[in-house]
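Enquirer: Have a look at this one before I ask anything.
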Amino acid sequence: MRAAAAAGPMADAQYILPNDIGVFSLDCREAFRLLSPTERLYAHHLSRAAWYGGLAVLLQTSPEAPYIYALLSRLFRAQDPDELRQHALAEGLTEEEYQAFLVYAAGVYSNMGNYKSFGDTKFVPNLPKEKLERVILGSKAAQQHPEEVRSLWQTCGELMFSLEPRLRHLGLGKEGITTYFSGDCTMEDAKLAQDFLDSQNLSAYNTRLFKGVSQDGRACYEVRLASVLSTEPALHSEMTSKLKSYEFRGSHFQVTRGDYAPILQKVVEHLEKSKAYAANSRQEQMLAHYIESFTQGSIEAHKRGSRFWIQDKGPIVESYIGFIESYRDPFGSRGEFEGFVAMVNKAMSAKFECLVASAEQLLKELPWPPAFEKDKFLTPDFTSLDVLTFSGSGIPAGINIPNYDDLRQTDGFKNVSLGNVLAVAYATQREKLTFLEEEDKDLYIRWKGPSFDVQVGLHELLGHGSGKLFVQDEKGAFNFDQEAVINPETGEQIQSWYRSGETWDSKFSTIASSYEECRAESVGLYLCLNPQVLEIFGFEGADAEDVIYVNWLNMVRAGLLALEFYTPEASSWRQAHMQARFVILRVLLEAGEGLVTVTPTTGADGRPDARVRLDRNKIRPVGKPALERFLRKLQVLKSTGDVAGGRALYEGYAAVTDAPPECFLTLRDTVLLRKESRKLIVQPNTRLEGMVAVAVVVVTAMMVTMVKMTRNL
């Protein structure tokens with residue numbers, strides 16, 4: 001490895017967090033106050049389980065992330081940020097440089113690592129490495145634990161600042177850094193491993209892959225499952241029968257377990273404690289299966305727990321925990337650890353309940369034949385929640401889970417909209433609102449929040465919640481009529497489907513997450529045109545038309561902003577949702593007739609700028625038919641498991657070129673020039689006082705507050 005580039009003020013702005021980055025706190029005080037003492041204790045122990053489990057994300061991000069976290073924890077446990085500031089100034093740092101260090105530390109805590117959760121780009125301290133080294137090695141932590149602190153710094157100091165090309169982004173092989181795979185793994189290794197896992201009916205969600213070379217020169221692979229147990233004998237045939245050596249296509253595979261064992265031990269301890277405060281037997285059984293899953297390394301046990309979770313309708317304290325989203329696995333199959341705990345917001349939940357009641361009728365409005373929709377709509381829970389805890393690398397606005405295809409088809413799912421997260425997302429300053437016409441800005445600010453509520457509701461419930469996968473099970477039986485079902489795109493019988501053991505993620509791998517987000521976003525845009533939907537959310541007449549316009553305008557603007565998350569050097573996208581929004585922008589531009597235009601301009605500051613325009617009068621006559629055609633193609637290709645067709649369609653729209661008239665590669669430079677850093681979110685914490693759980697809710701949006709919070713974890 002070459003010497004690390006000094007990441008002082010000369011560092012590329014896209015790899016630093018600015019000192020004026022927005023920091024907002026999640027407010028859940030009122031919702032937590034309304035909980036009973038038992039409910040508070042239930043929430044507290046689930047929160048502790050989530051926070052402990054979230055530490056696994058450090059090990060899932062980069063080789064240096066756990067060491068950076070440990071080093072920062074040592075520093076701030078030994079000295080209050082204010083006290084450390086005095087030491088830093090005495091060591092020669094300026095106020096701006098110490099603020100930059102706090103911003104970096106807050107970024108590590110907020111993203112659970114040194115890569116941005118939204119975009120997978122590395123961020124580095126915006127101060128000279130030599131100055132930070134003096135602060136660390138002269139700190140009180142270094143005085144108390146000299147060998148440990150020096151060792152931590154020696155392990156992570158160079159990598160903390162390095163901006164070598166391969167280290168700038170998460171990726172596999174030469175394309176970036178990942179710890180889901182050992183450093184010598186390639187995409188071909190990932191594909192081989194997925195085929196092996198499918199052959200053994202093993203899920204990749206809770207695994208990592210490590211490659212080696214056997215004595216006879218053949219490739220050998222270790223598939224390591226996340227679990228508390230490692231080599232200990234256990235009377236559990238479901239998993240122990242899988243823990244052995246295999247020969248597969250000329251390579252040696254060894255299935256082991258025990259990944260993240262110390263972390264998962266703490267998760268299990270608090271899940272055990274939370275059982276004592278469960279509201280009903282479904283919650284107790286759910287927790288028991290989660291404990292079994294994390295102890296044994298069994299995804300099947302997690303599925304069983306998820307079934308009880310789906311059945312637990314309308315709980316006062318909602319939660320979910322496990323290896324969930326596969327966005328950051330370069331291959332798209334391995335789940336990042338995630339855990340959330342939240343309380344119900346009853347007013348908004350009532351609107352979502354009305355949407356659920358209308359769901360079966362609204363599904364008929366979607367532009368694909370009935371045979372491509374689930375045989376039976378399993379009425380889900382859909383609640384608006386105020387988040388108490390969300391561990392992982394980032395916090396979404398809404399969730400549709402579980403992600404297991406078989407459960408979604410047969411048992412259903414739950415939808416949640418995270419109300420206090422959305423409230424933070426709504427905050428938009430007019431002067432920072434880029435790429436819109438002046439006459440659109442006030443309307444956008446007025447209706448962005450309400451339109452986003454509508455979009456999130458439709459995206460989660462009827463986007464992710466719609467559509468059928470055509471499957472042939474292990475006995476050869478099909479879940480569709482091979483003779484009667486016709487592909488509406490070809491006029492022929494169905495030619496492809498999912499075999500036993502195959503899933504959406506395993507078949508579509510690298511495009512699966514973004515493709516599915518694109519389908520869900522498109523459903524939201526398509527169905528928001530339905531007056532019945534808007535009435536559910538309380539919008540009629542001119543207000544309803546404004547909600548539609550701002551929802552569509554927000555999507556096409558997001559498609560332009562998405563260019564920040566495209567890497568030209570690798571011709572790759574780094575963020576699934578933003579890739580999806582760019583694809584939708586391309587579809588609507590292709591519709592023509594002046595529906596959408598993106599025009600380069602020069603800003604008032606003399607620098608390059610751009611304007612996005614949407615003709616609101618052409619949304620229904622031009623935009624809706626274009627989206628209808630696109631949505632039908634997306635669903636048909638997904639239902640039939642047509643990977644080649646799906647890739648051709650999706651990757652075609654996702655291609656970023658400098659072809660006129662838009663010249664997107666040139667526009668990308670403009671987007672980077674005018675981008676605003678994503679906000680950091682300070683979450684509440686809980687502690688026990690006697691036998692009562694007390695929420696510690698942060699109300700001051702300051703970097704020091706975020707750092708202080710971590711001292712209590």
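Backbone N, Cα and C define each Cβ position, glycine as well.
Any TrEMBL annotation is an automated prediction that lacks curation.
According to TrEMBL, the active site annotation covers Glu460. The Zn(2+) binding site annotation in TrEMBL covers His459, His464, Glu517. Look at TrEMBL and you will find 688-707 tagged as transmembrane segment.
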Enquirer: Could you tell me the C-alpha distance between Glu517 (Zn(2+) binding site) and the residue listed as 'active site' in angstrom, no decimals?
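Expert: It is 10 Å, counting Cα to Cα.
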Enquirer: Cβ distance under 8 Å to His459 (Zn(2+) binding site), same chain, sequence separation 6 or more: which residues?
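Expert: The list for His459 (Zn(2+) binding site) reads Gly398, Ala520, Glu521, Val523, Gly524, given in order along the sequence.
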Enquirer: List, in sequence order, the same-chain residues at least six positions removed whose CB sits under 8 Å from that of the residue listed as 'active site'?
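Expert: Set apart from the residue listed as 'active site' by at least 6 residues yet with Cβ under 8 Å, we have Phe382, Gly398, Ile399, Asn400, Asn415, Val416, Ser417, Ala520.
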Enquirer: So if I draw a 10 Å sphere around the Cβ of Glu517 (Zn(2+) binding site), how many other Cβ atoms end up inside it?
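Expert: For Glu517 (Zn(2+) binding site), the count of other Cβ atoms within 10 Å is 22.
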Enquirer: Write out the long-range same-chain contacts of His464 (Zn(2+) binding site), meaning residues 6 or more apart in sequence whose Cβ is under 8 Å from its Cβ.
Expert: Asn400, Phe413, Asn415, Glu516, Ala520
Enquirer: Using an 8 Å cut-off from the Cβ centroid of His459, His464, Glu517, can you name the remaining same-chain residues around the Zn(2+) site, in sequence order?
Expert: Asn400, Glu460, Gly463, Glu516, Arg519, Ala520, Glu521, Val523, Gly524
